[in-house]
Structures are given as C-alpha cells and as structure tokens.
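Heads up, here are the entries from Swiss-Prot:
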BINDING   Cys64, Cys67, Cys70, Cys114  [4Fe-4S] cluster 1 binding site
BINDING   Cys74, Cys104, Cys107, Cys110  [4Fe-4S] cluster 2 binding site
DOMAIN    55-84  domain '4Fe-4S ferredoxin-type 1'
DOMAIN    95-124  domain '4Fe-4S ferredoxin-type 2'
Amino acid sequence: MFPMVTGFMNYGQQTVRAARYIGQGFMITLSHANRLPVTIQYPYEKLITSERFRGRIHFEFDKCIACEVCVRVCPIDLPVVDWKLETGVRKKRLLNYSIDFGVCIFCGNCVEYCPTNCLSMTEEYELSTYDRHELNYNQIALGRLPMSVIDDYTIRTILNSAQIK
C-alpha cells in the first residue's frame, strides 16, 4: 500500500513541477505580448537615422582645393581626384572627383580629415542597383543632396527608435 501512496505523491510533485514550467513560459509570453514589433514595413516606413550615421558622401565642388588628403587617409585609396596645376596662379584646379560606392567601406576618414569640409555624410543608405557601374558617382552625382526621410510625405517615419526595441 505504501508504494501506491508514494507513487501518487511522485505523480503529484511531477504535476506541480510541470504546471510551474508551463506557468513560467506563459509569463514570458505575456511579457513579450506588450512589446512593440521589432520589424518595420520597409518601403512604406523608415527609421530616422542618427546624426552620426555614415551614409552616402556629399561633395561640394566649389569648396574642394584638390589637396588629396581624402585619398591619403582612405584605407583603400578610393576617391579619384583629377586636377590641373595652373602655373599663372600656382594653384591646383579641380577637374574631376569621383567615388565608387561599390568599393567604399564608409569609414568616414575622408570626411573627418578634409581641411575645407567639402565632404559630408548624408542619411541616404539606399544605394542598391542592378549594375555595379552605377555606384561610381562623379562630382555631379555626389553634389546632389538626397531627399530627407522626414520631408518625404509618402513615407511614414518611425521617430523614436527606442519604441522598436
């Protein structure tokens, strides 16, 4: 008779332990139910990037003095700077400036060390194309400012990134 009682006691203990495990899992599920979703509907919703975001590089042709500091500090010698020395003025004149974003690692050294601040990082991160040759931007393409995510009325922006966590 005693083995039967101990069997019922073991069964009762196992039932209580199983109920406790199920309850713990249920509490975790309930704690996750109150959180906001992590993902966003990308083409229609966009996150506003931080101020220090390293996006596409913006270039101002008029400020550049063709010193080639950006080429020297770039770890992959990426910016191509074509210039001509004007002998009468003894000054460099910039002819062409281009960056291939298919190779760029967006380290930001060129922007940081530019003495005239003619380079800056934008919030544009949509650089994907079907042809990699389209990623080679010249001074005209680099000079275009991207449309701000905040100004685009077709896109709903997620202002506070803390809500997404």
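Numbers here mean position along the shown chain, with the first residue as 1.
A Cβ is built for glycine as well, from the same backbone N, Cα and C atoms used for every other residue.
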Could you measure between Cys104 ([4Fe-4S] cluster 2 binding site) and Cys64 ([4Fe-4S] cluster 1 binding site) for me? Cα positions, answer in whole angstrom.
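Cα to Cα, Cys104 ([4Fe-4S] cluster 2 binding site) and Cys64 ([4Fe-4S] cluster 1 binding site) are separated by 20 Å.
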Have a look at the binding-site residues (Cys64, Cys70, Cys107, Cys110) and report the one with the fewest Cβ neighbours inside 10 Å.
Cys107
Quick test of the contact rule: Cβ under 8 Å, at least six residues beyond the ends. What residues does that give for the domain '4Fe-4S ferredoxin-type 2' (95-124)?
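Counting only partners 6 or more residues beyond its ends, the domain '4Fe-4S ferredoxin-type 2' (95-124) has Cβ contacts under 8 Å with 48-49, 53-65, 67, 69-70, 73-76, 78-84, 132, 135-139, 142, 145-146, 148-149.
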Take the Cβ of Cys114 ([4Fe-4S] cluster 1 binding site) and count every other Cβ within 10 Å, whichever protein chain it belongs to.
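Neighbour count, Cβ to Cβ under the 10 Å cut-off: 20.
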Select the closest residue to Cys64 ([4Fe-4S] cluster 1 binding site) from the following binding-site residues, measuring between CA atoms: Cys74, Cys107, Cys110.
Cys110
For the recorded [4Fe-4S] cluster 1 site, enumerate neighbouring residues of the same chain (Cβ within 8 Å of the Cβ centroid of Cys64, Cys67, Cys70, Cys114, site residues themselves excluded), in sequence order.
Ile65, Ala66, Glu68, Val69, Val81, Cys110, Pro115, Thr116, Cys118, Leu119
Name the secondary structure element type, per DSSP in three states, that contains Cys110 ([4Fe-4S] cluster 2 binding site).
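It is helical.
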In the domain '4Fe-4S ferredoxin-type 1' (55-84), how many residues does DSSP assign to helix, to strand and to coil?
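Final tally across the stretch: 5 helix, 8 strand, 17 coil.
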Roughly how many angstrom lie between the C-alpha atoms of Cys70 ([4Fe-4S] cluster 1 binding site) and Cys107 ([4Fe-4S] cluster 2 binding site)?
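Pair distance, Cα basis, whole Å: 12 Å.
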Taking the Cα atoms as reference points, how far is Cys107 ([4Fe-4S] cluster 2 binding site) from Cys114 ([4Fe-4S] cluster 1 binding site) in Å?
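Pair distance, Cα basis, whole Å: 13 Å.
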At the Cα level, what's the spacing in Å between Cys74 ([4Fe-4S] cluster 2 binding site) and Cys114 ([4Fe-4S] cluster 1 binding site), rounded?
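With the alpha carbons as reference points, the distance is 11 Å.
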